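Taken from Swiss-Prot, the feature active site applies to Lys10, Asp135, supported by sequence analysis. The feature ATP binding site is assigned by Swiss-Prot to Pro93, Ile94, Gly95, Gly96, Gly97, Leu98, Gly99, Gly100, Gly101, Ser102, Ser103.
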Amino acid sequence: MSSTWLAPAKINLFLHINNKREDGYHNLQTIFQMLDYYDELKFSITNGGVIKRINGNEDVEQSQDLIVKAAKVLQEYTGTTLGANLSIVKNIPIGGGLGGGSSDAATTLVALNQLWDTKLTQPQLMKLGLNLGADVPVFIFAKSAWAEGIGEILSPIKMPNYYYLVVFINKHTSTKEIFSHYALTMSKPQGKIAKFSELINTHNDCLQAAIALEAEIGVALKHLNTCANHISQVRMSGTGSCVFNEFLTEKDALAAAKKVPKKWMSFVTRAINTSPIHSWAVAKR
């Protein structure tokens, strides 16, 4: 028997880089907004301890695939003798700043913790996930969140369920290159916000570095600025390369999507405040 689970995308409503730490990482502040847009993962439990990806992500070596890595991390930590066959349907753009790989890893940890009956708590899973990537914990946390530290210090925040037009320019940006780029800016830490109405500064400190590395990001932002009825500043998510704007209605977002140049990928989605990750498989066995 197999079970199917969803892995949601996220956007960063702002991203402020505060300083560089001694360990090479950067302290930051951001809001992770969960989206109703998903990769789809399927898990079949096996005996014998073998973990194998049997479908999807063909361009990624199994040993480098985050879903395989996540499964092995959980297996090694818990000592389970069970294995799993893993399949994935990728919808979230790779290298777009939407957290797809991190979300896939998080879903793998949560799903196999249930399916293997390894009984780890959410905090334990989040700690394991942090070893796989700084964004993995928020997807295990499973709520839109105010984040600090390297993104692992999380507080839930309830945001409006706006519609978003997300554009991927079909080019990837390197997080490592952006964080070492001369155009990376820094922002002073701000007080934690408790509600959306307090969100004033939507600046992304990675934006100018990303545009310096990939000028088409700037072109896409200019295009989104021409869209009718968007309600806030157009923005880049994370370290790019996806950009987005915000709408009150799905109708307005879909109308804007029709005008996106065909050379780019785009989709319309809606904000969600809670991810279905901890309950999804119950209805999808």
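Glycine residues also receive a Cβ, built from the backbone N, Cα and C atoms like all the rest.
Lys10 (active site) is 6 Å away from Gly99 (ATP binding site) when you measure Cα to Cα. If you take the C-beta of Ser103 (ATP binding site) and look for same-chain residues 6 or more apart in sequence within under 8 angstroms, you find Ala7, Pro8, Ala9, Lys10, Asp39, Ile92, Asp135, Phe139. Gly95 (ATP binding site) carries neither a helix nor a strand DSSP state and counts as coil. Neighbouring residues of the recorded ATP site, listed in sequence order and excluding Pro93, Ile94, Gly95, Gly96, Gly97, Leu98, Gly99, Gly100, Gly101, Ser102, Ser103, comprise Ala9, Ile92 (Cβ within 8 Å of the Cβ centroid).
It is Pro93, among the binding-site residues Pro93, Gly97, whose Cβ has the fewest other Cβ atoms within 10 Å in the structure shown. Taking Cβ-Cβ distances under 8 Å and a sequence gap of 6 or more within the same chain, the neighbours of Gly101 (ATP binding site) are Leu66, Ile94, Gly133. The C-beta environment of Gly95 (ATP binding site), restricted to residues of the same chain at least 6 apart in sequence and closer than 8 Å, consists of His172, Thr173, Ser241.
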